[in-house]
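Notes for the one structure printed next.
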Amino acid sequence: MTRPASERPKEVQELAGEGRLITLTVDKPAHGGTFVARHEGRVVFVRGACPGETVVAEVLPDSKANARFWRAETIDVIEAGPDRVPSAWPECGYEGLGGADYAHIRIEAQRRIKTEVLQELMTRARIGTYPIENIQIEPARDDHTGLGWRSRVRFAVDHGKVGMHGWRSHEIHAVGSNPLAHPAIQALGIDVWKAPSGVVAVDVVAPSGSAPAIIVRSENDLTLDDLNLPAACDNASIVLATRTSTTALRGDDSVREIVGDDVFTLYAGGFWQVHVDAPRLLTAAVGHALDAHEGERIWDLYGGAGLFSVLAARAVGGTGALVSVEGAERASADATENLAAYPQAKAVTADVRDFLAEANEGPDRVIMDPPRAGVGEKAMARLAELTRERMVYVSCEPSTLARDLRVAEHEGWAITDFQVFDLYPHTHHMECVVKLERAAR
Ligand SMILES: C[S@@+](CC[C@H](N)C(=O)[O-])C[C@H]1O[C@@H](n2cnc3c(N)ncnc32)[C@H](O)[C@@H]1O
């Protein structure tokens, strides 16, 4: 890994000439996949490093001389730390893809680092009702390598070239081995396809209960012949999604997902938990934390196609009521279908904030699984006021989770369980399931 300065590529030597190469001693992890180091007193967030290492890094061009902090990317490792391993996805290294910022770190160490980042975020948010040191990330079932877990992959396309975006860049790079993707996605060979003009992105889905699906996002109408996809895609459903329409060019535009005894049908390009084990793991964790009873009233906010709604509808039985609230029309329609066997359940298409603003009466229990932006302070305060007994917060972004939990604590709620799962191995992301109950007064 270490190269004498004279052997570095010419472009890198030029960076040194411009004063953009710095030597850093790497300290603790920062949120977002980088690590903290200091250069002449200034904080530098460096990617591609490990705690305890000494590295040579390129300061990114957008790091201005007078900025409070800089961003940098590791070029060479002068002294490697004990957690460094050959990258699981070499294309994510220096000047490469942005998708897997921890691929060069031992999987157990990745989990230790994520735990540290999460605990630090919760400490900084002054979370006070739960022992933060007890929060520990857990792997998904049988996930020893962190490879082959992604059942959904988005490829970017530029002038026919299929790839993925670089770190903090719009440039599209070749994907290479793509080892995080489910083998059924890797087998399709989309990364070497030359896309026709108009195609801007491709989503590839490996569902648990139906054939793979390819959603081609295009600025203009295209036929199956125009697409000229690799032969390996012959058994996949092909969906063309333009700004105005969605057309199944082959097969169906829906996929099936199987979770225990439940079968979910949803739009192929719609939201579904990405790790192959996530639906099982999260429904178990949410069901346990929710602990709903016959006859109760439950809201499943940001409900998607109804993954958590089904378990909640079953738990409250025929005398209870379940309302799933989802902003995307198609996902909400899918939830209606997936809940068809439960007359006590209803799927509402609405923005959660509008739904909360109009609600006169709160539920007994609520599940919320927002996108990365989180629930937001105002909506969280409203939920804390409306909900009678228990809230279960599912989050893929710990910084907004920390903010929202602080609001709940301020409104008189206590965190009574906090689980974290490593559902995005080799990336800095994680998934949290937090149980909140009204604090004893
Ligand atoms: C993280 S996904 C969770 C979906 C579902 N709980 C699941 O596990 O499959 C978040 C969902 O919230 C929806 N969403 C995002 N912002 C929303 C809003 N302001 N109001 C309602 N739904 C929203 C998205 O369309 C998406 O389906």
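In case you wondered, yes, glycine gets a Cβ from its N, Cα and C as well.
Taken from TrEMBL, the feature domain 'TRAM' covers 13-76. Residues or ranges marked as S-adenosyl-L-methionine binding site in TrEMBL: Gln273, Tyr302, Glu326, Asp369. As annotated by TrEMBL, active site, nucleophile applies to Cys396.
Structure with TrEMBL features highlighted.
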residue	record	contacts (Cβ under 8 Å, 6+ apart)
Gln273	S-adenosyl-L-methionine binding site	Pro279, Leu282, Leu307, Leu423
Tyr302	S-adenosyl-L-methionine binding site	Val325, Glu326, Gly327, Val352, Met368, Asp369, Pro370, Pro371
Cys396	active site, nucleophile	Pro371, Arg372, Tyr424, His429, Met430, Glu431, Cys432
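Ranking the binding-site residues Glu326, Asp369 by how many Cβ atoms sit within 10 Å of each one's Cβ puts Glu326 at the top.
The Cβ centroid of Gln273, Tyr302, Glu326, Asp369 marks the S-adenosyl-L-methionine site; residues of that chain outside this set whose Cβ lies within 8 Å of it are Phe271, Asp300, Leu301, Gly303, Gly304, Leu307, Phe308, Pro370, Val394, given in sequence order. Sorting the domain 'TRAM' (13-76) by DSSP state (H, G, I as helix; E, B as strand; all else coil) yields 5 helix, 34 strand, 25 coil.
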